[in-house]
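Engineer: To start, I am sharing the structure in question, which I have written as structure tokens.
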Amino acid sequence: MTDATIYYDDDAESTVLDDKTVAVLGYGSQGHAHAQNLDDSGVDVVVGLREDSSSRSAAEADGLDVATPRGAAEQADLVSVLVPDTVQPAVYEQIEDVLQPGDTLQFAHGFNIHYGQIEPSEDVNVTMVAPKSPGHLVRRNYENDEGTPGLLAVYQDPSGEAHDLGLAYAKAIGCTRAGVVETTFREETETDLFGEQAVLCGGVTSLVKTGYETLVDAGYSPEMAYFECLNELKLIVDLMYEGGNSEMWDSVSDTAEYGGLTRGDRIVDDHAREKMEEVLEEVQNGTFAREWISENQAGRPSYKQLRAAEKNHDIEAVGEDLRALFAWGDD
């Protein structure tokens, strides 16, 4: 039994948003989903976008009111900041002086609050509602009367209503249908960054590339290496998603299970664990945050170089060719 506090529809009081206007700043992956779900839930919504934003026409076509970020914040009681992390401090500077005491400033990720890139006035509520899914799935699940699990955190609560407002917002976008876990800005930020770097985005892709290279260097065909190290990963992850590691072990062959159980720890060994701990420490002590902030201030030279190298890896060309040759199912 988990010790986590999890909220569902019955725990949220939707009426706390009845007399409120919500500004959604940004209309990207999360922004479009939040704004449309809030609107469909009967919440008064205005979308904040630059005058020259390419998303303005899309938001207007979806039937939403659109203003500049500052104009939207002036109208709103709750401002949901859903532009990219790297843009948020500049956007906050545009709206800071129009936030009134008791207003709520809300985020979907804690980076800028946790690392001090945004320092709100003490008389403003600061909350986080973070769906644990890409925006298009948040929207699709809502339309299908399903939910998307999410996180809720309160950083400061001068009005005494921050928690209730965040929970009502989470319900309005469909998260409490599935369940909303209570957390903190620190916990969400640090676990999210660590998971991305050590496992989900960094660890997995490096493991896949290294496995692919090992097979190709040993004389096996790139196509077979691609299938065994990248393509089949989805099949395994789907099983883990549905029922944890045990579901996966129960579903694969005995040979695969024995081989994985006896060889897996030789790959992710004590040295890998030490490196994971180093990555976590860099997240905790702010080393990564300072590095990423400096990288953006310098115009992202390392980021661009690393991205180009990834796109030019042999596994990308092999995968593109194979995906064009096979009739893939929807799943």
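Counting starts with 1 at the first residue shown.
Cβ from N, Cα, C; glycine included.
The feature domain 'KARI N-terminal Rossmann' is assigned by Swiss-Prot to 4-183, with sequence analysis given as support. Residues annotated as NADP(+) binding site in Swiss-Prot: Tyr27, Gly28, Ser29, Gln30, Arg50, Ser53, Ser55, Asp85, Thr86, Val87, Gln88, Gly135. What Swiss-Prot records for His109 is active site, and it gives sequence analysis as the kind of evidence. Taken from Swiss-Prot, the feature domain 'KARI C-terminal knotted' applies to 184-329, supported by sequence analysis. As annotated by Swiss-Prot, Mg(2+) 2 binding site applies to Asp192, Glu228, Glu232, with the evidence given as sequence analysis. Sequence annotations record features per position, and here Swiss-Prot assigns Mg(2+) 1 binding site to Asp192, Glu196. What Swiss-Prot records for Ser253 is substrate binding site.
Locate each feature and note its surroundings.
Structural biologist: Applying an 8 A CB threshold to same-chain residues 6+ apart, the list for Ser55 (NADP(+) binding site) reads Gly26, Tyr27, Gly28, Gly31, His32, Leu49.
In the three-state DSSP scheme, His109 (active site) is classed as coil.
Shown in sequence order, Gly211, Leu215 are the residues of the chain, 6+ apart in sequence, with a C-beta less than 8 angstroms from the C-beta of Glu228 (Mg(2+) 2 binding site). In the three-state DSSP reading, Glu228 (Mg(2+) 2 binding site) counts as helix.
Following the DSSP three-state reduction, the secondary structure of Asp192 (Mg(2+) 2 binding site) is helix.
Under DSSP, Ser253 (substrate binding site) is assigned to coil, being neither helix nor strand in the three-state scheme.
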Engineer: Does Glu196 (Mg(2+) 1 binding site) have same-chain partners at least 6 apart in sequence with Cβ under 8 Å from its own Cβ, and which are they?
Structural biologist: Gly202
Engineer: Just to verify: the residue among Asp192, Glu232 with the fewest other Cβ atoms within 10 Å, which of the binding-site residues is it?
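Structural biologist: The binding-site residues Asp192, Glu232 were compared, and Glu232 has the fewest Cβ atoms within 10 Å.
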Engineer: Which Cβ among the recorded positions (Arg50, His109) has the fewest C-beta neighbours inside 10 Å?
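Structural biologist: Among the recorded positions Arg50, His109, the sparsest Cβ neighbourhood within 10 Å belongs to Arg50.
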Engineer: Would you mind checking how many other C-beta atoms are within 10 angstroms of the C-beta on Gln88 (NADP(+) binding site)?
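Structural biologist: Cβ-Cβ neighbours of Gln88 (NADP(+) binding site) within 10 Å number 21.
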Engineer: What subset of the recorded positions Arg50, His109, Ser253 lies within 10 angstroms of Asp192 (Mg(2+) 2 binding site) at the C-alpha level?
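Structural biologist: Hits: His109.
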